[in-house]
Each structure stands twice: as C-alpha cells, then as structure tokens.
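Below: the structure, in structure tokens.
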Amino acid sequence: MSDAIAPTPPARAVSLHATDARTRRRNAAEKRFKAYGLTAIGIGLAFLAALLFAIVSNGSAAFTQTFVEVPITLDAEEIAAAESSIVKTSKYREIIHGALLEQLADAGIETDMDAAELGKILSSSEAAEMRDFALANPERMGETVRFDFLASSRVDGYLKGRVTRDALARDQNLDAAHLDLVDRLAEQGIVVKRFNWDFILGADASDQRPEQAGIGVAMLGSFFMMLVVLALALPIGVAASIYLEEFAPKNRITDFIEVNISNLAAVPSIVFGILGLAVFIQFAGLPQSAPLVGGLVLTLMTLPTIIISTRAALAAVPPSIRAAALGVGASKMQSVFHHVLPLAMPGILTGTIIGLAQALGETAPLLLIGMVGFIASNYPDGVVSGFTDPNSAMPAQIYEWAKRADPAFYERAWGGIIILLLFLMTMNFIAILLRRRFERRW
Amino acid sequence: MSIAKLTASSLAIAAVTASAAVAQSRDNVQIAGSSTVLPYASIVAEVFGENTDFPTPVVESGGSSAGLARFCEGVGENTIDIANASRAIREGELEECAANGVTDIIEVRIGYDGIVFASRIDGPDFTAFEASDWFTALAAELPVDGEIVENPHTTWNEVDADLPDAEILAFIPGTKHGTREVFEEKVLLQGCEDTGALQAFLDSGMDEDAAESACMAVRTDGASVDIDGDYTETLARLDSNPQGVGVFGLSFYENNTDKLKVATMGGVEPTTETIAAGDYPVSRPLYFYIKAAHLGVIPGLKEFAQFFVADELAGPDGPLAAYGLVSDPELAATQAKVANEETM
C-alpha cells in the first residue's frame, strides 16, 4: 500500500460532534436501505397474509357439509325389485325420493313438487349409500332406518352463502322453490350442516356430485409415493454422498459428476415425468397411474436435493473428528460410519424431509404418468395394491378439482390446499425440530 | 438398453418387496382421452362402481388426440382399454393403431355436445350471433370491397350493427382441443360461406384447400385468444375481461349459469332439445373407442361399455343428460352394437 507516501490531508477545522454533509449522506443512504428492506419484508408478509387469507376463506367451507335426514322403511320386496334392474341405484333413488316426500308431509311442510323434483335437493350419492346399507344389513328389513344423506352441492352452497336465489333463476338443477323448502327443513332440524370427515377421508367423486368428493384416497396415494421415495432416495442419496464426499478421489470424473448433480437439482420436474413415462411405463412395463411409478419419478427428482444437503452436512463435520478417529486406529470406513455420519445425521434428515416435502407438493411429473383424472375413486385393498393400483396424489387431486365445471369443486380444491399445507408445515416443523435438537456447533 | 431396463426393474423390485405384485393382472378398466367426455365417463364409472362388483374404472383426461395415441400404443395390460374422443377417429390414427396390432376397435357414439357462445352475465349485451359474425370478427384476412385485406374490425358493432359496441375479444379453444375443429368447421367455415368470402377467396386464385384454410385462419393480433386449458380457464379470462366472449361446452355453461349468459347462434338457443333436434348448428358427436382385444381379458370392460349406453344412463332422462349431454336418438342401435361387439 502506498499510504505512507501519500500526502497527509490538511486537518479539518470542524467539530466531530456536528455531522458534515458526507456523513449525513451516508446516514441517509443507510436509512434508505433499511427502508427498502422493510418494504421488501412488508410486501412479502402482505403476500403471505393475502395468500393465507384467500386459502382459509375459500377453503374452510369445504370442511362442513349439509346433510338431510330421511327415515326410510326398508321393504324387502322393493329392494329385491331394485336389485334385479340394470341400474339398481336408480330404483333405490325412487324409494328415497318417495320417503323424502313423506318426511315432508310428516313435518307439516306443504309442497306441490313431485318426488323426483323434490329429490333434487339430495346428492345423487344417496342411492348407493342406501344400497350399501341394505345389502350389508339384510336382518334389518322391515325396520325404519334414519339415513343421513348428503344434500346436493347447490343446497349446500345455498346454506354456505355460495349460491344465491338470483343465481338459481337460470339454473336448471334447482329452483328458488327448493330453497324455500330447504329453509323450512333447516328450521325443523331435518337439514343440518356439520363437520364432514368424508372430505378428509373419502374418495373422489364424479362431476355430478361434488358434495361427495374427498381427498382421502389421494392422500393414501401420496403416502405410498412418499414411502417409495423414502425407501429409495434416502439410501441411494446417502450412499452416493458418502462415497463422493469421503472416499472418491478428486479428479475430473468426480468433478463432472458433482456438476451434473447440481444441474439435476435445477431440472424442471416435468422432465422427470416424461422420463418416467418413457422408462418406467413404456419400457419397463410398470402399471399406469400407479403410486409406485409416481414414487420412482419423484425419487429421481428428490435425489439431487438429498445428495446436495447430505454432502453439505458431511462437509460440515470438522476434519479433526476424522483425524482423531484415524489416529486411534479406526479404518476409513469406521471413521465415517462411527463418527462422521452420526454427527451429520440431523443435516441429512433435514435435507431428506425438505426433499420429501417438495416431492409431496409436486404435480407436474404426475400429469404425464396418468395420475390426474377421475382416478382416486377406490381405496386400495392392501399394502401391495396401494403401490400398484391406480391412484392420484394430493396436489394432482387439487388440480383436477380446480378444473371441473361445478363451482362446488373449486371450494374443495381450496380445502385440499389447506390439508396439503398442513402436511407440508408439519414436515417442515419436524425438520426444524430435528435441526434444533440435534445440531452441534463447533 | 438392457442396462436401463435392468435398472428400472431393479428399482421397482426394491420398492415393492412383493415383486410379483407388479406382474399381477389388472382388474380395473382404464380409460383416457377427451376432457369433454371425462365428466360423462366419470359419472358412468362412479355409478358402475356402485352398481356392480367390479372396481370403479379409472378415467384420465388429456385430450382426444392424446387419448387415441395411447389407445393405439398396442394391446396388453399396460395399454388403456377405452379412448374417449370428442371427434371421430381419423384415418391416420386407425393406421397407427393397425401398425401396433390394435385392429379390432368398437366405435361407440354416446351422444352429442353443444358448443355455446357465452359472455359474462353483467357484460355487454351479446344475445344473438350468426356464424358470419364470428367469421367477420375473427378471420385473419377477409375481402372488403373486392380486395382481400387484414381484418380491420375492432368492435362487434362494426361486424354487425345489432351487436353491442364492445371491443372484439374472443376466447376460443386451442388447437389441441377437439372443440376447435368443430368451431372451425361449423362456425368459421360456415360464416365464410355465408358472407361470400369463400367465393372471394376462390376468385382471387386460391384453390379450394387454400381458400378453406384462409376461411379458418384466425387473426393473431390479440382479438382472438386460444385457450389451451379447460373451460375453467376460459371462465377465468372472462372474469378479468368483462367485454370478452367465450366458447364453452353446453354442460359447462349449464353448471355456471350464475356467471354466464348464452347467446343464440343462427337464431336458435342452445338447449339439449334444440341440439337433439338438430336445430342448433354447432354441435358434435361424442365417442368412445373400445379395444376389442381386451374384451374378456380385462374384467368388467364389456359390462362398463353396456352400462355407459344403457337407457338409464345415456338416455334422455339419465344422469348424463342431466349433466348436459344431448342423448343420441339412435341409442338403441348403439346398444346393439356394443352387445354384439361389432368392430369398425
């Protein structure tokens, strides 16, 4: 440095207590920068708040559902007649609609609607519900059973304030006259709104009955995919990182592999989807729409994340630990497995959980392997069929709902987002907990 | 190649300890194809699952062309059994199918779908369209005073004095949709003929093919927007553009009458009745195609197909009609065709 030969500046005849112009400018710049930062944080928080508000206000309605209580006398002859037709449920439907009309008369509500017209306030899922009950309980023939049927999505929307009388004026499915009846029935406690477990535990339903749709089967699909990802990505990822970090020689080949792993982490997920379609389904002949294939695809997607975080965790273990282990005569492998790996474990687990959370929220690759559509309609029979039977996943189910025509599905899509977010938050919370509890600092 | 296969299958085996599960035979019907047919197919699938001992079939969307392409991939458990389509299968697709061993195909027409022109309920007063209005509003080039010029129209009332003074902004189905084809043929081409533009194109020295494609060429200056997603996307676009007009399926419109109002086409209001009677001009048949080689192999396939076209479902009083399908007057013939497994 040439400070020594630079001419000393003339002493300034100003007080250190008074701020001069330059200092003021510097202070002002600092203040401005703080203000920028605060604004940025404020905008971020505002977006987050708006997002959470939108999700909760749109989605919370999906967790309650309107039910209509209808007492039905099970008549063995009627049921036998219904069972002998092609579309058995349509005969059951007639029985139910007749019973509903009687229920109205008993409650002292007058109506000039016929049974079929009146039946529009019920979901079309009612017939299957009654049929399942009648077939499962043949000993209860002749008894009067109180059924709790789902109300149709428009009745439900009316009680939730989503459907208005004006909107119904041009709706062919329901009239304002139906709503008058619903009001009377609600007063009498025959139509009730309550918490709907079927939304969380149930299967998807077709376009004509959004009120019946649930995310439960898709949740199982996500669960089985996550099992596949965990079972494959964790061992493969950890083994690869340990080798690369601790054993591999530093040369061009390992450099090349490292660069590629980093690049893979940035590959758009849809690419993995098309790869999965080509390799796992078309080439290896694995079944379509199966969580097994979804899990394999998501494994490919998650591996780079896990490898990178595992390597970072291994690299953070101080070399003195390794040196000490080797110094007392441990082999290289013993030093890694007995000393380095346990210390790196919190980091590895955190990385794995973050990777899983990413995979849980991923939709794009699933589009290509046939996991979007009317798919999550059957519960898997067992563990094996859980992997191989066609199923959807939570984000794919949400995407599917958001696409459908009936606005009631839109509400369920938001409700699904709430459930998905709860899962993601739980996973992230576990990751934070692990890090806080087990992390060691040197 | 064999290494890739080995890797893939060993991954699979690692994932499922019971590796035999992978080879286990499929017991559910798998369907893919048109997103227009998807709601109908899923309604039938659901009722089928409720009424029979077979598991509920799996219905995927993706579009008619994508569905037929997967249908034609070959025969076997890893290929789909039924392809839904909002148009008839093409010659080229049949060849592709035949090349992969899919030779016996049963074509089933389930009914008709109306294509409606709707705008926001509180938007400009679009009540009556003619095919010629749409051609004049959306054509890329059209003859004006004997000369073929780029489309000069910017508002609907320039096109037709009866239409409101609103900027031309149309949301039409993208080219991957079967709906686009119907829109081009029944609206743009028809309008082109009606306005005499087709003749003008021919007079200007184009051959017939070139003139027809000139008729169906849509302007690209932003007045017409292709929607590649679903009708939900079209609806969202209308939400943010109150002046716009969108192209929807009848069933979608009927489920969203609180937000949309429909315009007549050629003086006819689109309803299931006018479409079934053939009065409403813009409608199209909906199909599904069954792989005959899978009949008897995949349990429930034939039963499902028969179920689909049964009067209780596809008939005029069935749930499909309630959802917006226009039932086929010749349904009885279709039922016989499925029962006898008549291939194309």
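Note that Cβ sites are derived from N, Cα and C of the backbone, with glycine treated the same way.
Note that this is a predicted model, so its numbers are computed, not measured.
As annotated by TrEMBL, domain 'ABC transmembrane type-1' applies to A:219-431.
Residues annotated as transmembrane segment in TrEMBL: A:35-56 (among others).
Remote same-chain residues near the transmembrane segment (A:215-244) are listed as 198-204, 254, 257-258, 291-292, 294-296, 298-299, 302-303, 306-307, 310-311, 314, 336, 341, 348, 352, 355-356, 359-360, 371, 376-380, 386-387, 391-394, 396-398, 412, 415-416, 419 (criterion: CB distance under 8 Å, separation of at least six residues from the stretch ends). The transmembrane segment annotation in TrEMBL covers A:215-244 (among others).
Within the same chain, residues 292-293, 296-298, 300-301, 303-305, 308, 362, 364-369 sit at least 6 positions outside the transmembrane segment (A:264-286) and bring their C-beta atoms closer than 8 Å to a C-beta of that stretch. The transmembrane segment annotation in TrEMBL covers A:264-286 (among others).
The transmembrane segment annotation in TrEMBL covers A:292-314 (among others).
Below 8 angstroms of C-beta separation, residues 222, 225-226, 229-230, 233-234, 237-238, 242, 246, 298, 301-302, 305-306, 308-310, 312-314, 316-317, 321-322, 393-395, 420, 423-424, 427-428, 430-431, 434-435, 437-440 of the same chain, each at least six residues beyond the ends of the transmembrane segment (A:340-361), sit close to that stretch. If you look up TrEMBL, you'll see A:340-361 (among others) marked as transmembrane segment.
Among the features that TrEMBL reports, transmembrane segment is placed at A:413-434 (among others). Within the same chain, residues 54-56, 58-63, 199-200, 215, 218-219, 346, 349-350, 353-354, 356-357, 360-361, 394-395, 397-399, 401-402 sit at least 6 positions outside the transmembrane segment (A:413-434) and bring their C-beta atoms closer than 8 Å to a C-beta of that stretch.
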